[in-house]
Amino acid sequence: MQDTLAVILAGGMGSRLSPLTDDRAKPAVPFGGKYRIIDFTLTNCLHSGLRRILVLTQYKSHSLHKHLRNGWSIFNPELGEFITVVPPQMRKGGKWYEGTADALFHNMWLLARSDAKYVVVLSGDHIYRMDYAAMLEEHISKNATLTIACMQVPRHEASAFGVMAIDDDSRITCFVEKPADPPCIPNRPDHSLASMGIYIFNMDVLKKALTEDAEIEQSSHDFGKDVIPKLIATGSVFAYSFCSGKGRVARDCYWRDVGTIDSFYDANMDLLQPVPPMNLYQKNWAIRTYEQQYPPARTVSSATGNEGIFINSIIANGVINSGGSVQHSIISSNVRINDSALIVDSILFDDVEVGEGCKLIHCIIDKHVKIPPYTEIGLNPIEDRKRFHISERGVVVVPESYQFSTE
């Protein structure tokens, strides 16, 4: 796909995912015991044959840059392949990106330099698997100028998305960004057709649309709010069904925006279902990431004779469970679990130590936290709220490197 450029938007603040995003960009947030969120979009590019990639970063990007350098420096420049991380260049004035379209407009020089005919615009903060090659093939076959990936969502949730209407040929006839009263799908009044934020543009159309949008002072410079509605009138904008079953990836129709603590928690817990709604085990679509070379996880007996137990959990390398019990949880690399500790319905990031007799229920523990013996988290909301963030649905989040009081 030498005529196609992938651009991944990875610069959002991710404030709704705080405190997990207090010191890192949302695409760099750990997920599923060993991955980062951006790994899913990058893996899709890799397996789809997209080997020319720009990653546009902005806020708190150090952790993301480090991960991309360590884990994704796999492309061969001699074959025209690259993954280039692009922080704001301030080429269009001394200001940060003001919207999704503005991010690309500020980097128009890189788009032009690529000599690409098509541009695949992606978000770096969604969890899903998709063969972009199949979408590009349909884009070309329909002679489209813009193709938007879409999926059906319950109408009561559709206000969080761009919503579209299509004709019998999948041509988009109407597009509204985050409408208060979302239009429904004909013959299915309880569902709407939502944009996934995945776009394929013809390069010439994209450059013209970005230039025109940049000249409008009152524009918010956003694809969904400003650019796409204007292009609909051309009659050559089409929808691509995410659940069409096309392409090499297994048809699981799983796509999640993990922009809040609750949605992030739910997506992790989805991996623990007896038959997970997203299949991470498809051999020819393995999710790539970077991970340090830790030894295998193990369980050992404690000094009191308790055996370390894992039940229906995901356990990363380097974990040692010395007489604790882990149930329906995700344990990331290099975690230490001590005697009689109980961990249930929880997510632990790297380098956490759980002290003897601790009880962790329905919580997320960020990196580099040492939990003192007999600490209880997730059992008393009143006490937890004094120290930690609690989500709308009661998930307790302990921030990175949190220091417990020794009093």
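Note: Cβ is positioned from N, Cα and C throughout, glycine not excepted.
Feature list (source: Swiss-Prot):
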BINDING   TYR97, GLY162, GLU177, LYS178, SER195  alpha-D-glucose 1-phosphate binding site
Other C-beta atoms that fall within 10 angstroms of the C-beta of SER195 (alpha-D-glucose 1-phosphate binding site): 22
DSSP three-state assignment for GLU177 (alpha-D-glucose 1-phosphate binding site): strand
Surrounding CB atoms that lie within 10 Å of the CB of LYS178 (alpha-D-glucose 1-phosphate binding site), all protein chains: 13
Neighbour tally for GLU177 (alpha-D-glucose 1-phosphate binding site), based on other Cβ positions within 10 Å of its Cβ: 16
